[in-house]
Amino acid sequence: MKITLITVGKVKEKYLRDAIAEYSKRLGRYCKLGIVEVADEKTPEHASDGLERQIKAKEGERIAKHIRDDAFVIALAIEGKQLTSEQLAAKINDLGLHGTSHIQLIIGGSLGLDPAILKRADYLLSFSKMTFPHQLMRVILLEQIYRAYKINAGEPYHK
């Protein structure tokens, strides 16, 4: 299975980059992992709704260039479905059993994802009703993907 994260912006903090590298290494046993970073747009402190829509649209265009037609696309969004770790593991397993060979997971920038990306997604996933920094969300998502593979392999880790 190929797993690709499509993310907006670069990870600036070393401790987050280290965690991403660690989970990427661990996942190498289970899947082929790729991470695509698209440029983020500078957002002024008190941006108007119209400007925020424009920023999300620009970031959305950059994301869309990397979405593959043959991939199952999961977008992270507050309005998405919340799953337990076991349910996420089952979702990944079921996708593989039904012939999916590539899953793309999309993490938006500080303003979230453009509606066009949400519409294109095959599945909307939410980790919480709360908002998380998108850089930290990469670590959380990679950890949960790793946990899912450990669950599916019946290996100790997730309890």
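A Cβ is built for glycine as well, from the same backbone N, Cα and C atoms used for every other residue.
Taken from Swiss-Prot, the feature S-adenosyl-L-methionine binding site applies to Leu76, Gly108, Phe127, Ser128, Lys129, Met130, Thr131, Phe132.
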Tertiary neighbours of Phe127 (S-adenosyl-L-methionine binding site) (same chain, Cβ under 8 Å, six or more apart): Leu76, Gln82, Met137, Ile140, Leu141, Gln144
Check: same-chain CB within 8 A of S-adenosyl-L-methionine site center, minus Leu76, Gly108, Phe127, Ser128, Lys129, Met130, Thr131, Phe132: Ile78, Ser126, Met137
Residue among binding-site residues Leu76, Met130 with least C-beta crowding, 10 angstrom cut-off: Met130
Secondary-structure category, per DSSP, in which Phe132 (S-adenosyl-L-methionine binding site) falls: coil
In the chain carrying Lys129 (S-adenosyl-L-methionine binding site), residues 6 or more apart in sequence that have Cβ under 8 angstroms from it: Ile78
Gly108 (S-adenosyl-L-methionine binding site): secondary structure state under DSSP, collapsed to three categories: coil
Nonlocal neighbours by CB distance (under 8 Å) for Phe132 (S-adenosyl-L-methionine binding site), same chain, sequence gap 6 or more: Ile140
Where Leu76 (S-adenosyl-L-methionine binding site) falls in three-state DSSP terms: strand
Neighbour count (Cβ, 10 Å) for Gly108 (S-adenosyl-L-methionine binding site): 24
